[in-house]
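Before any comments, here is the structure.
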Amino acid sequence: MTAQIIDGKAIAQSIRKQLSAKVTARKEAGKRVPGLAVILVGADPASQVYVGSKRRACEEVGFLSQSFDLPTETSEADLLALIDKCNEDPSIDGILVQLPLPDHIEESKVIERIRPDKDVDGFHPYNVGRLAQRIPVLRSCTPMGIMTLIKSTGVDTYGLDAVVVGASNIVGRPMTLELLLAGCTTTTCHRFTRDLEDKVRRADLLIVAVGKPNFIPGEWIKPGAIVIDVGINRLESGQLVGDVQYDVAAEHASHITPVPGGVGPMTIASLLENTLYAAENYHD
């Protein structure tokens, strides 16, 4: 068996085209274009790349993108004041603060300062709570994008044994909630998990988000499983690899995401979808 590749790049491009058409229709109807504020604190190279991609994606679909690049030494109070300003700006539908933040700034305080109706990253406790209660509105972008990828396979998720490896607030925990909502019997694995191999081998649907190159051996993959690899790791050779040993896993799986070109583009597409949703449902 050779797995079908789930082409996140192509699916994300299709979503962007649809969003662009909706923005054009809004303008023709005399409505304003959706606005996204992107806040970057410091000069972390990876964060700069991610932020650049998000800003370009905004422009591509016709959103208004407002950029705030702040120095590393920016105080927590100054960052919170900027968020307050964006909260009150009627031209801004979504506020994105690029994580991680410098050590002197408390992430949870920043996330909770963003108004829930402008929390297009889906990190605010209100929005995570709505997902937990099975009434999601603004959903965490990476898990939301992953659900779109899974849907693209045409496989019915109800009753599947799903395993999530990684329990971060950004991916693992909201991913578990998304899979429960999709009717899966879901196991979340983390650093205290015993016998990880046994759990992975049982997975009809495997999602790995740990940030360790080739962490899951390919031979652990159950024949016919769907494999979603969230990791993106650069080896010393410069090669980008995921958290799953791709070549061997692709021999066992029915569907698999590549790295790069799998989950990454979908995270940005979901961010754009959330921003349009916020504009249409909260701010029009």
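Please read every residue number as a count from 1 along the shown chain.
Even glycines carry a Cβ here, placed using N, Cα and C.
Annotated features, as they stand in Swiss-Prot:
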type: BINDING; residues: G166, A167, S168, I232; note: NADP(+) binding site
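Annotated features taken from Swiss-Prot, shown on the structure.
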| residue | record | Cβ neighbours (10 Å) |
| --- | --- | --- |
| G166 | NADP(+) binding site | 23 |
| A167 | NADP(+) binding site | 18 |
| S168 | NADP(+) binding site | 15 |
| I232 | NADP(+) binding site | 17 |
